[in-house]
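The structure under discussion appears below in the form of structure tokens.
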Amino acid sequence: MPRKYFGTDGIRGTANTGHMTAETALRVGMAAGRVFRRGEHRHRVVIGKDTRLSGYMLEPALTAGFTSMGMDVFLFGPLPTPAVAMLTRSLRADLGVMISASHNSFEDNGIKLFGPDGFKLSDEVELAIEHHMDNGLADNLAGSRGLGRAKRIEDAQARYIEHVKHTFPKQQTLEGLRIVIDCANGAAYKVAPEVLWELGAEVVTVGTEPNGFNINEDCGSTAPERMCAAVLERRADIGIALDGDADRVIIADERGKVIDGDQIMGLVARHWKEMGTLSAPGIVATVMSNLGLERYLGSLGLDLVRTQVGDRYVVEHMREHGYNVGGEQSGHIVLKDFSTTGDGLIAALQVLAVLKAGDKPVSEICHLFDPLPQLLKNIRFKRGEPLKDKDVQEAIREGESRLGKTGRLVIRKSGTEPLIRVMGEGDDEKLVTSVVNDIAAVIEHNAA
């Protein structure tokens, strides 16, 4: 069934236009309240947000929707997405809500929903919410005495900080390490430096001065250049870059070289296998992960299981088949022993645990394999379905034929932005570049 509001990661769009308005947020709150208001107990929902200006608009609208359906609302303020997921379970809430557009610029915002178990909602539940958003909400309003209340939870950040610290080996500290942490002027701007400081590190901060407009602006995991420069300038041991809602992480070694999610997953898989804590003979990643990771894991006797793009699909497969390590090349790392969704800070602590356990620099620990040449191009379009065009389909078939068995193509429509993503990968870099550029040119021509 086609979706009207939800994409691959909740509802997302440009703030105060289209589906990302106060009116839509009100209806999301009412509809989700309708779906999750079950039984006779006092119902509650928790709401967190990142640092975007539009969060001030969406938070009260959602609160109004939920309270009108008789649900109490606990407000966290700026807090990472994985913290909202964790606190949904910890506070025995019926539903968790994160207001964020993740790695997007401040103009965008989004609404992510978590069930009482802390996991993102299934497609079926999201479709049920969509149905109620457009059908008869007024018939299910709470009575005058049954309205919900709203309360701000002052210690939400402290609760999450303690949770994250407990994922780090008790016998270790971060003393002696100089760490650059880039918080993308986002949701983790307070909690991430505090965690590292409390564990004993010397902390150098980047992107910790949000103003409502500068989230992800030339900083964070999608723009790690400032973090890398700070590592070199301050002679740090490691750099850590989170995105706007801190569910992604990218690492930099002491030379300022970037280490992506594939390398991080490989490191955690190897370490957990050695520790005997890997719950399955492999990990779960998406079709975007580099073939180099697959070959490296194979050398360890481990499998790489691929899903479609989106950390929710990675998590679904992990839950169904018993895996406890998974994620995406972009830095969504899901460690199911500790969290129900991607948690950039917890993933970074696992890298730091390996670093502290040995006497080698990050450059020797984290560069596990040489990735195959890979090129990703994003083509923006205004309307329609460019991938259904006959010329585009023919260009894709020709590209697949040219690559043959030496490479692969992944071409898909983004679930969060009006983009077509064209990714090519293979042993021959020149061939990969040529194939991707040719396909991108045809898409650009037909999407103009």
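Yeah, the Cβs are placed from backbone N, Cα and C, and that goes for glycine too.
Quick caveat, the model's predicted, so the values are computed rather than measured.
In the three-state DSSP scheme, Ser102 (active site, phosphoserine intermediate) falls into the coil class. Here Ser102 (active site, phosphoserine intermediate) comes close to Asp9, Thr81, Gly110, Asp243, Gly244, Asp245, Asp247, Arg248, Thr416: these same-chain residues lie at least six apart in sequence, with C-beta atoms under 8 angstroms from its C-beta. If you look up Swiss-Prot, you'll see Ser102 marked as active site, phosphoserine intermediate.
Swiss-Prot lists Ser102, Asp243, Asp245, Asp247 with the feature Mg(2+) binding site, giving sequence analysis as the kind of evidence.
Residues or ranges marked as phosphoserine by Swiss-Prot on the basis of sequence analysis: Ser102.
Each of Asp50, Pro80, Thr81, Ser100, His103, Gly186, Ala187, Leu242, Gly244, Ala246, Arg248, Gly342, Gly344 belongs to the same chain as Ser102, Asp243, Asp245, Asp247, is absent from that list, and has a C-beta within 8 angstroms of the C-beta centroid marking the Mg(2+) site.
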